[in-house]
Amino acid sequence: MTPLLETRGLTANYGDFRALFGVDITVQPGETVAIIGANGAGKTTLLRAIAGVLRSAPAQVLHHGAPIGALPADQVMQRGISMVPEGRRLFPSLSVEENLLIGGQTRRAKGPWSLATVYDLFPILRERRHSPGTALSGGQQQMVAIGRALMANPELMLCDEISLGLAPVVIRDIYAALPQIKAGGASLVIVEQDIAQALRVADRVYCLMEGRVTLTGRPADITRDAIHAAYFGAPA
Amino acid sequence: MIGVDTIVQGVLLGGLYALFAAGLSLVFGIMRLVNLAHGDLIVMGAYLILILVTLSGLNPFLAALVAAPLMFGLGWGLQRLVLNRTLGKDILPPLLVTFGLSIALQNALLEGFSADSRKISAGGLETASADLGIVTVGVMPLLTFASAIAVIVGLNALFYRTALGRAFRAVSDDPVTASLMGIRPAHVFAMATGVAMLVVTVAALYFGMRANFDPAIGPARLIYAFEAVIIGGLGSLWGTLAGGIIIGVAQTVGAAVNPEWQILAGHVAFLLVLLVRPRGLFPRAVD
């Protein structure tokens, strides 16, 4: 079966600095894949390269087998790959509702997600829908960012550090929404620093270190020692 | 004698300046691009309307309606083919390119239309007046002012009530994240300049009907537009109208005191506002 998404020998550079050295990952339809790794391992770079914010060679990123590595971000999004960016990146000039609407403005695929169902998923957003997006708490802003990505009814949603900087109780609320998002038909790639959280929700895990994949497997099959070695490059 | 009449004339004149400035304000607000050729584009629009009126005998208002889609297309293409390439972290390239465009436009118009000054004839409208009770005003200034209000109401509706306006604001906030929403900033910028050229067409219509124009007059119009935008606070359209009115009133009051002071009084008012409120009267929260 052709994977939903595949990277083959994906490389990425920031100027002269190379951040990814030949990363291979695959995402099957319906899967939740977690990318873990230390700060600077290349996790965010990997998502940005998949999303088209960073361009790569065409065949380094495949969507249902089609080369999309060189497409700009707006065209990648049109193909059904949406992103919850690091730091949420809500539009300050737009209200909560407008932030949500803009997520589905250019691509309205058939699917379960609409303004109404996003408000059902995160009821607090309905109350705050006329507030400026940036007037909300961090957790609520994260909900807007997730809802905004859902509005296009994506086939694949890339989530970058959705728990970063949030209180544990808020993280729990946000992760509690993931099963519904999966049930809606979206596959997920989750970048997460919180390893325990990542292992709980993922079907498969990749660990990155210094721009290379150092470990891959199912959460049940991975030992603490293996993660430690993959994370830091040395056995515990 | 400075009376109600002088003030009213100044306010109405402000409508014309707001029309000059609205397109400039729109483009700056969305893509932080200062278009130094804006005044020349207004003059070019006036020539386009003049050609249409001369060739087809159309009423100037209908001619402007015909010119509008052409101007939109021109703005779209200009942004797509030229100005988008100048946008980036450095603010100098767009200034240099639009400065060059300004010179090229002036010379092209000079080549095509000679240096003779021209005017779009509006028939009886030019001398018609309306009695407002306290004062009697010209129908033409009144129409200009009403058009400025209509343009600003229209632009605000576009900005705050349509999907395109939402895209304008999103791209203005954060182009990279907007592209993650499937929006192509280059396309949105081209639409914005197209819309700005629609406003330029309205400005050109009244500009061309109210006074003589020649190919070299653009930069002088640009100065008033700049002053109106800056007084109003960059990116605020109602602020731009307020800025236009302040300059207009200062000019008519100055002229009432001494006809030689008309232009100077407008510029002095601009400087005074900058002294008191360096960011303009209605600055945007984030800039």
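Backbone N, Cα and C define each Cβ position, glycine as well.
According to TrEMBL, the transmembrane segment annotation covers B:12-34 (among others).
According to TrEMBL, the transmembrane segment annotation covers B:46-71 (among others).
The transmembrane segment annotation in TrEMBL covers B:91-110 (among others). Proximity of distant same-chain residues to the transmembrane segment (B:91-110), defined by a Cβ-Cβ separation under 8 Å and at least 6 residues beyond the stretch ends, is recorded for 32-41, 43-44, 47, 82-83, 215-216, 218-219.
Among the features that TrEMBL reports, transmembrane segment is placed at B:131-159 (among others). Through the fold, the transmembrane segment (B:131-159) approaches residues 4-5, 8-9, 11-16, 18-19, 22, 26, 122, 125, 165, 168-169, 195, 199, 202, 206, 209-210, 237-238, 240-241, 244 of its own chain, all at least 6 residues removed from its boundaries and within a Cβ separation under 8 Å.
Among the features that TrEMBL reports, transmembrane segment is placed at B:188-209 (among others).
Long-range Cβ contacts of the transmembrane segment (B:221-249) within its own chain (Cβ-Cβ under 8 Å, at least 6 residues beyond either end) map to 7, 10-22, 24-26, 28-29, 36, 38-40, 42-43, 148-149, 152, 155-156, 207, 266-267, 269-270, 273-274, 279-284, 287. If you look up TrEMBL, you'll see B:221-249 (among others) marked as transmembrane segment.
Annotated transmembrane segment per TrEMBL: B:261-277 (among others), in sequence order. Tertiary proximity for the transmembrane segment (B:261-277) is limited to same-chain residues at least six positions away from its ends with a CB under 8 Å from its CB atoms, namely 224, 227, 230-231, 243, 246-255, 283.
Tertiary neighbourhood of the transmembrane segment (B:12-34): same-chain residues 42, 83, 86-87, 91, 94-95, 98, 137-138, 141-142, 144-149, 151-152, 155, 168, 171-172, 188-189, 192-193, 195-197, 199-200, 202-203, 206-207, 210, 221-222, 224-229, 232, 234-237, 240-241, 243-249, 251-252, 284, selected by CB-CB distance under 8 Å and a gap of 6+ residues from either end. Below 8 angstroms of C-beta separation, residues 16, 19-20, 22-24, 26-27, 30-31, 35, 38, 41-46, 48-50, 60-61, 64, 67-68, 71-80, 83-84, 87, 118-122, 125-126, 140, 143-144, 147, 151, 155, 158, 164, 167-168, 171, 178, 221 of the same chain, each at least six residues beyond the ends of the transmembrane segment (B:188-209), sit close to that stretch.
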